[in-house]
């Protein structure tokens, strides 16, 4: 099954700022107008910095986005949106603890900030704290009972905790809120795979593909389920489609290689595993699988090279096998 996962985050938002006008004596009015003019200029600058940060997040320039949000926060330290958006940029750049600190601040400023709870939950889940993430999603849903992303992301956190049936309940609720959301069917299909409900999973992947025909992961995952069910030809057709949509989809090449191997096409399998390695030279599964096929073809040197590479990349099972008696032939090979 593909290791490719989808995570959803609420869209960035901008807070519209404004200042009330005050009336007084002429001298006081002039001073007040000057102050208000400066405040208005600062407010406008903060808005522009946030807009610039949002655009940079969209283009993947997260550090530059963070710098823009920093400037917005200096101008207005009470801007919950600026903290939320900076947290998103930090999370996308891998700094989940820094992101959580920003989401904490956004929630401190605005305790009803649904998206900040959702985003903090995502950062916690990415840090491995799925239980803490669920608490945040619960808060988001309590504030907004039809908050779609709260149900989707809570479902994923429950799936990560192996609570597959509970995850499906959350995905069902998301589908009730928006029956046209392809990703909800896709996620529910993945949970059904974990429950070995393969026909139910295929039905959900079918629906996801109908709603979003460009979803390469849905084709890949449907193909993997068909392969598990023994229909390798149909599986290959799905992997072909996934690769057609995304030529850099390493998992689809690996899965297609396995299906080809199951059909006796060893050279085709090796070609697919090699392509996956070109895309991702750190992919343990590709090296292990290619090594196994070349071993079956009695190309022991190539097989051993792949097994040793997989072990060096962190495959503990391969490393343990090499160090056992049955792996001695590879262990001693130069």
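Even glycines carry a Cβ here, placed using N, Cα and C.
Predicted automatically and left uncurated, TrEMBL annotations should be read as such.
Going by TrEMBL, these are the annotated features:
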type   : residues : note
REPEAT : 46-79    : repeat 'TPR'
REPEAT : 80-113   : repeat 'TPR'
REPEAT : 114-147  : repeat 'TPR'
REPEAT : 148-181  : repeat 'TPR'
REPEAT : 182-215  : repeat 'TPR'
REPEAT : 216-249  : repeat 'TPR'
REPEAT : 250-283  : repeat 'TPR'
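Sequence-distant contacts of the repeat 'TPR' (80-113) (same chain, at least 6 residues past either end, Cβ-Cβ under 8 Å): 9, 12-15, 46, 50, 53-54, 56-57, 62-63, 65-66, 69-70, 72-73, 119-120, 122-124, 126-127, 143.
Under 8 Å from some Cβ of the repeat 'TPR' (250-283) lie the Cβ atoms of residues 2-4, 216, 219-220, 223-224, 227, 232-233, 235-236, 239-240, 242-243, 289-290, 293-294, 296-297, 313, all in the same chain and six or more residues away from its ends. Under DSSP, residues within the repeat 'TPR' (46-79) fall into helix, strand and coil as 27 helix, 0 strand, 7 coil. Averaged across the repeat 'TPR' (80-113), pLDDT for the predicted model comes to 97.
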